[in-house]
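Below is one structure, written out as structure tokens, with a few remarks after it.
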There are 2 protein chains.
Amino acid sequence: TSPPLQTDRDLSIRNDTTEQPWLYWSNYAMSNGGGVASSTTHLLDFLEEPIPGVGTYDDFHTIDWVREKCKDRERHRKINSKKKESAWEFTKSLYDAWSGWLVVTLTGLASGALAGLIDIAADWMNDLKEGVCLSAMWFNHEQCCWTSNETTFAERDKCPQWKSWAELILGQAEGPGSYIMNYFMYIYWALSFAFLAVCLVKVFAPYACGSGIPEIKTILSGFIIRGYLGKWTLMIKTITLVLAVASGLSLGKEGPLVHVACCCGNIFSYLFPKYSKNEVLSAASAAGVSVAFGAPIGGVLFSLEEVSYYFPLKTLWRSFFAALVAAFVLRSINPFGNSRLVLFYVEYHTPWYLFELIPFILLGVFGGLWGAFFIRANIAWCRRRKSTRFGKYPVLEVILVAAITAVVAFPNPYTRQNTSELIKELFTDCGPLESSQLCQYRSQMNGSKAFTDNPNRPAGPGVYSAMWQLCLALIFKIIMTIFTFGLKVPSGLFIPSMAIGAIAGRIVGIAVEQLAYYHHDWFLFKEWCEVGADCITPGLYAMVGAAACLGGVTRMTVSLVVIVFELTGGLEYIVPLMAAVMTSKWVGDAFGREGIYEAHIRLNGYPFLDAKEEFTHTTLAREVMRPRRSDPPLAVLTQDDLTVEELQSVINETSYNGFPVIVSKESQRLVGFALRRDITIAIENARRKQEGIMLNSRVYFTQHAPTLPADSPRPLKLRSILDMSPFTVTDHTPMEIVVDIFRKLGLRQCLVTHNGRLLGIITKKDILRHMAQMANQDPESIMFN
Amino acid sequence: TSPPLQTDRDLSIRNDTTEQPWLYWSNYAMSNGGGVASSTTHLLDFLEEPIPGVGTYDDFHTIDWVREKCKDRERHRKINSKKKESAWEFTKSLYDAWSGWLVVTLTGLASGALAGLIDIAADWMNDLKEGVCLSAMWFNHEQCCWTSNETTFAERDKCPQWKSWAELILGQAEGPGSYIMNYFMYIYWALSFAFLAVCLVKVFAPYACGSGIPEIKTILSGFIIRGYLGKWTLMIKTITLVLAVASGLSLGKEGPLVHVACCCGNIFSYLFPKYSKNEVLSAASAAGVSVAFGAPIGGVLFSLEEVSYYFPLKTLWRSFFAALVAAFVLRSINPFGNSRLVLFYVEYHTPWYLFELIPFILLGVFGGLWGAFFIRANIAWCRRRKSTRFGKYPVLEVILVAAITAVVAFPNPYTRQNTSELIKELFTDCGPLESSQLCQYRSQMNGSKAFTDNPNRPAGPGVYSAMWQLCLALIFKIIMTIFTFGLKVPSGLFIPSMAIGAIAGRIVGIAVEQLAYYHHDWFLFKEWCEVGADCITPGLYAMVGAAACLGGVTRMTVSLVVIVFELTGGLEYIVPLMAAVMTSKWVGDAFGREGIYEAHIRLNGYPFLDAKEEFTHTTLAREVMRPRRSDPPLAVLTQDDLTVEELQSVINETSYNGFPVIVSKESQRLVGFALRRDITIAIENARRKQEGIMLNSRVYFTQHAPTLPADSPRPLKLRSILDMSPFTVTDHTPMEIVVDIFRKLGLRQCLVTHNGRLLGIITKKDILRHMAQMANQDPESIMFN
């Protein structure tokens, strides 16, 4: 008799996943040696020799953080106690104490170096779509023209060394023929890169697709996905990220950089015996964001706010260190050639005025609406991809999206250029040296197109055409981003979201600027915006818009503001940023509280217990626990009157991951908890090594063997695999407390008692199912265990 | 028979404290209405009417955070469920949802305003020691001379409106007579201010003394000190802080500003029914540091790293908001008159070189040594003050220290001036406009004292005399700070520590600078420090030294670096700062892991379970729980066979704060936990309101009344006060897990079971005592409960 779910079957997990064609659970990536926990000794019983294999986890199982932490401390204590024995042991203890720092340093170094490589390679390949540097193939457009002496500052993009494809192939730089040739080559390269990227991902490392942040969140919450952070994933993700960015798809490299950094952290942590993966991964996330934006403090806060599950103070310090090392390495590599750490360095010179809060808050509303819309649309599209046959042709899908993107993007200069460059241009304030179309204001002095120092400007024809192009770019980006995020290539969401916000913000900024120029005697502008005064900075609006849109999508708050604050380096603009980000979050939350990462976690059915979401129902533990009233009784083991045969039949007939051990069937008093995997391994081990263990051998979990008849076979002692301190709650405990315990302690399961008698069990999955039920969602959407 | 400590006596607490003359526990401050938790309804039983008073706490008791959170959620749910009933209820729910934000906004506003007031008043009173502004009494020295047209930029401190006391009284500005007059007036004012401060503190609000951070940490960890955050403390602390700073004692206003902000937060949170004190206090700490340094992000990280016990993400966001509002208000008040937010705004223009890491790390070593030395010396002095008769004359002590400080400080210009100004001067790089003695370099051109643009400079006589004075100031500050921190006036430690570090740093910086000047052909300097190049910035050394010393004393890490980073606004110098702060922390930790705040918490015996310190021993729960083997059995209540008389005798004979309720003496199976206070109130209440309750009435905790003989009196039902979900662990649970549970969930006590039978109880105090014992400290040093 197999009662319904108590903790889940190993088998049912594999079945679940093979139904999803795109998850590749049992694929190549599983054999590449990655994994989250593989400590091999069970430490709660110090007297007996550990049985090899006891205490490890299966793939797609949940980690019991409390036990893991105990194991780690035990290892640490062992090393420490031997410290004084010899110089060698002392060195070992020193090494142990420093290995945590060493790992985060190495992670920081590797993340910084990889980020630099990716930046340089992506820049070069991106420019390859347009042309090639004849003097040195390996130079990108900008570097190619640095060495040229013939170009003036205003035309610094044009130099004889750099040849567009039309010039190379047709020998002519102007005219419709060369335009079509360039157009064709642009599409050709975009498709080639996209095709290469998706093929590499599909063949070598399926886990390399997507942004990786939802999975990293899940892994940090204590779920094992072997190979997700392995060396193959790292290698393929690094290569395909370059290709995906260069292909011109509407995606960014920030999320994947976090994944890359976490892979580095995971791989380095294998070099050290110390169990501190959780810490290393938190630090690696910080390093990833740090190099993505050049914002180390923002990276730490991102890791704290968005990624990490437990964030002890030691981790804070190490995360900061990793973020800093990574940022430092990146600055030394200097991929942008401007010796600036940050991606979009801007400096504004005018303060903002109180009235401007109105457009800033409007941008916040736009960001919130965009975030809510994007999450719904993207999730609906991803669900369709999972559920219909369409999802079976990922390569075709990528090619299709890349082709549409390339075809539509080329004619519009704002979509043709690199998205990061677009954001940078939108952020930048118009100065006298700025040659951008966005800065073609009519001079007040003589009506010519020349620039003047007078900053309050009526828009010229360049600005008007730029506005139209920006509007088209906005619509294009909005549509393409929805279809791009979730493709089987590495894809980040930060840059596209920021681009959308920056475009909207710049449009609003220019509109307000023109309004202030033509109506400077309005009561709104009268006091602070005189004729000839520089009172509106459209670049600031772009920045606020970018923050608002990113906030709407990810629902990050403080970390986002800090990241953007680090970009500009001025406390001056924190208030506008906060106003916009808060509005964006509140507007977004009104349509649904999940950020995009949580939504994708739910879509994939990962067992992720969100630390942010509050449990607000009044249910008690007894209403959530298994078995329910209609269920068969709980499968339990008694402490000293089972035989090996009976034990094996319990294990074979049920599929639970663990069994409570009780004193006797009558008293139902709880003794401990034994894991299925450990029992199986222990019986196997005993059969091989201990003589006299037969099918009718008595199994006992007690300290001393029970008194047996003289002719009975040698009993099997299993106390060493018994967890004698299982967590228990009473049946009257409110679920909000139970959820709190699971979250804060990182439990895998918890036993329920009533007046000292064992009543049932609650697993993480039970809680997630219950929460889904309370939110009127399908409880069966939570998979794995 | 009263068995030894299980949970502590109310009485013994009062006894403990009255032995400490300076703790004033039963003094005026207790009656001023402050306090931490006073929610009045017990919510675990929804069916019965709540008994008034049940669920509240006594003074100096520990809060059970889990219950408090449940209460808060229940209240929230109630309001939410009524939301749709009427427009009024809807408004109430909206108000409830926003009240958290409102409280932190008000807290931020109030903290900013008070900080501005304190800054202005302290500046004015500080200058009063030197002289007075004749044209307008309420101007400080700087403001007085703003209006003067006669002064040149170089002599901007001297103007006819500002009269020193000698000029006013003797009518002469120069000469030994006037020097003595000024000296005398300086001492007179310093003593007056100090006397006033200590008297105000002693008479009106004893809790206003010290920095307040140890107590706030303890309160946030869940301990009730009524009145510590009350309105009297706020008022007196604000006034006496100004006096103490102006008296010239070696103390700062940063720690007390955190206390002031927390008082504001606490008072405002009384205006709202919402229970969110923990959150509000965390936010208030952030606001306090934010206004102390003008570093909002640093404030949030300080609150996270140093002050807060639980730091959920909601708190992060609200803390950031409060910090920002406070900083904004302070900037609007503009107390420093430079429209800068930060206390020590500096800008450096030269990068640092790798070789300079050596002096930076040396400064870190100095900081660590100073921190370790200071903590030991200060704690030893404070312990002496507590234990000897000397501590009974606090006013005399303050006067004495103030007199010594004033007498020694006046002759040395670096100790005479305001410490903040000293730090600012030390941080500032020498520019052509700098008139400070520290910048009197000999020009390379003509040997005159005139300044040149050439920044690589041989030191002039001014620099040499400044070096001597700085050395004397360093020794003076080190000695005086040890005796000052712990005096019965408000006193922060940040500014003195930073001053010591800045002095040491500047000395090292000038030494390195001169070394580089005279030996610029050494291999160390050869590559990057050519003749005539500006390669060493002594101001940067001062900043690094300040961070290192503050780090050594407080053992803060990330927040400290971020605070200093916000001061300079450049990512460039984070690496030197981190190198110094990390070195300082490691060196300090080698001498003892406690920071000054933890050391003071331990000195005062507060029941504070540090979240940072790791529990590294292998003890099990059964070794820590009470009763021990030699103790009498645990005092328990049975669920349905006690009479009111028996219950009362159990309560009267023992002094525990709570009693486990079991099924029967034989089975020892646990039903729940009832608090002493709740039982007493419930019996009182029943006697007054319910008829027929007699001494031989049966008391039952079960759902249904037991079957009783017909003639027995009416039974007393106490289920409503029974906590039916007490936390339990098994006796085999490792203490490291138990400590983790207590920390993360904020428990007050936890019951210990073995195979389903109740065995004993572990309270927070038991854990603290056990930890003290393991660390070879006196377990009886932990007081209260």
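Cβ atoms here come from the backbone N, Cα and C positions, even for glycine.
Unlike curated entries, TrEMBL annotations are predicted automatically.
Among the features that TrEMBL reports, domain 'CBS' is placed at B:625-691 (among others). Across the range of the domain 'CBS' (B:625-691), the DSSP-based residue counts are 24 helix, 17 strand, 26 coil.
Taken from TrEMBL, the feature domain 'CBS' covers B:722-780 (among others).
Sequence-distant contacts of the transmembrane segment (B:98-118), counting only residues of its own chain at least 6 positions beyond either end whose CB sits under 8 Å from a CB of the stretch, comprise 238, 241-242, 245, 253, 257, 260-261, 264-265, 268-269, 271-274, 276, 279-280, 283-284, 287-288, 290-292, 318-319, 321-330, 332-335. Per TrEMBL, transmembrane segment is recorded for B:98-118 (among others).
Residues annotated as transmembrane segment in TrEMBL: B:186-208 (among others).
Same-chain residues lying 6 or more positions outside the transmembrane segment (B:229-249) and placing a CB less than 8 Å from one of its CB atoms are 28-29, 32-36, 114, 117-118, 121-122, 125-126, 128-129, 186, 189-191, 193-194, 196-198, 200-201, 204-205, 207-208, 212, 216, 219, 256-257, 259-260, 262-267, 281, 401-402, 405-406, 409, 480, 484, 487, 489-491. The transmembrane segment annotation in TrEMBL covers B:229-249 (among others).
Among residues of the same chain six or more beyond the transmembrane segment (B:280-304), those with a C-beta under 8 A of the stretch's C-beta atoms are 100, 103-104, 107-108, 111-112, 115-116, 216, 219-220, 229, 253-254, 257-262, 264-266, 268-269, 311, 315-316, 318-327, 329-331, 340-343, 492, 494, 556, 558-560, 562-567. Per TrEMBL, the feature transmembrane segment maps to B:280-304 (among others).
The transmembrane segment annotation in TrEMBL covers B:316-333 (among others).
With a cut-off of 8 Å between Cβ atoms, the residues of this chain six or more beyond the transmembrane segment (B:353-375) that come close are 478, 481-482, 497, 500-501, 504-505, 508-509, 512, 524-525, 528-529, 535-536, 541, 544-545, 547-555, 576, 579-592, 594-596, 599. The transmembrane segment feature in TrEMBL is assigned to B:353-375 (among others).
Marked as transmembrane segment by TrEMBL: B:395-414 (among others). Distant neighbours of the transmembrane segment (B:395-414): 182-183, 186-187, 190-191, 193-195, 197-199, 202, 247-250, 385, 422, 437, 466, 469-470, 472-473, 476, 480, 483-484, 487-489, 503; these residues of the same chain sit at least 6 beyond its ends, with a Cβ under 8 Å from one of its Cβ atoms.
The feature transmembrane segment is assigned by TrEMBL to B:466-487 (among others).
Within the chain, the transmembrane segment (B:499-520) has long-range Cβ neighbours (under 8 A, six or more residues past its boundaries) at 356, 359, 362-363, 366-367, 370, 414, 419, 422-423, 426-427, 438, 456-459, 463, 467, 470-471, 473-474, 477-478, 481, 526, 529-531, 535-550. According to TrEMBL, the feature transmembrane segment maps to B:499-520 (among others).
Per TrEMBL, the feature transmembrane segment maps to B:540-565 (among others). Same-chain residues lying 6 or more positions outside the transmembrane segment (B:540-565) and placing a CB less than 8 Å from one of its CB atoms are 289, 293, 295, 297-299, 301-302, 304-306, 346, 348, 352, 359-360, 363-364, 366-372, 374-375, 423, 426-427, 429, 493-494, 497-506, 508-509, 512, 571, 573-574, 576-578, 580-585, 587-589, 593-597.
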Per-state residue totals over the domain 'CBS' (B:722-780) - DSSP helix, strand, coil: 24 helix, 18 strand, 17 coil
